[in-house]
């Protein structure tokens, strides 16, 4: 039985490409049913199209413009969940560079209603360290102040608290004296691709 996933992206789609490559090489026995982006210009959509994967664009900005006063993010979350529910056989939702914090309305659709669907995210920090944005830069600054010698990445299940859900996989990444922020970010990205693919493999074969 094929394990079906939905991938949410916001940008270049390098993590998406890593998943596509792992499927094409037969390392992953999964099917990407749909790639959804909140940005029409996201290059990851082109990567999906080249691999003959269905794509959808669902922008938050439209909701903010229509009703900037009320809680439009909650409405956006509900509507996004409805789109994913159109694909009745989804087994896993993967956030691969998705830059919008998902509201509780979205998360509860997949935790409170059947069938439940796990949602996983990649965060460039170890559990309990550097939640939120700019995690690599914050780790690099702490390294320069001799506060840490390494950082890392984790793949975790998504809950309402940012970057705090059940951990699926972690990978420690040393910070070298010769590192620049750019070289450290590159090493992080290389490991992110591997770890995201490995996490999908773990969940699809359990």
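Glycine residues also receive a Cβ, built from the backbone N, Cα and C atoms like all the rest.
The active site, proton donor annotation in Swiss-Prot covers 123 and is backed by similarity to another entry. Long-range neighbours of residue 123 (active site, proton donor) (same chain, six or more residues apart, CB within less than 8 Å of its CB): 131, 135, 153, 154, 155, 156, 163.
Cβ neighbour count for residue 13 (N(1)-(5-phospho-beta-D-ribosyl)glycinamide binding site) (all protein chains, 10 Å cutoff from its Cβ): 23. Annotation note: residue 13 (N(1)-(5-phospho-beta-D-ribosyl)glycinamide binding site) sits in a coil segment as assigned by DSSP. Under the heading N(1)-(5-phospho-beta-D-ribosyl)glycinamide binding site, Swiss-Prot lists 13, 14, 15, 192, citing similarity to another entry as support.
Residues annotated as (6R)-10-formyltetrahydrofolate binding site in Swiss-Prot, with similarity to another entry given as evidence: 99, 100, 101, 102, 121, 163. For residue 121 ((6R)-10-formyltetrahydrofolate binding site), the same-chain residues that are 6 or more apart in sequence and have a Cβ closer than 8 Å to its Cβ are 95, 98, 155, 156, 157, 158, 163, 165.
The site 'Raises pKa of active site His' annotation in Swiss-Prot covers 163. Secondary structure at residue 163 ((6R)-10-formyltetrahydrofolate binding site), as computed by DSSP, is coil. Taking all protein chains in view, 21 other C-beta atoms sit within 10 angstroms of the C-beta of residue 163 ((6R)-10-formyltetrahydrofolate binding site).
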Which residues in the same chain, at least 6 apart in sequence, have a Cβ under 8 Å from the Cβ of residue 102 ((6R)-10-formyltetrahydrofolate binding site)?
77, 80, 95, 119, 158
Within 10 Å of the Cβ of residue 192 (N(1)-(5-phospho-beta-D-ribosyl)glycinamide binding site), how many other Cβ atoms can be counted across all chains shown?
22
Under 8 Å by Cβ from residue 101 ((6R)-10-formyltetrahydrofolate binding site), counting only residues of that chain that are 6 or more apart:
162
Inter-residue C-alpha distance, residue 99 ((6R)-10-formyltetrahydrofolate binding site) and residue 13 (N(1)-(5-phospho-beta-D-ribosyl)glycinamide binding site) (nearest angstrom):
12
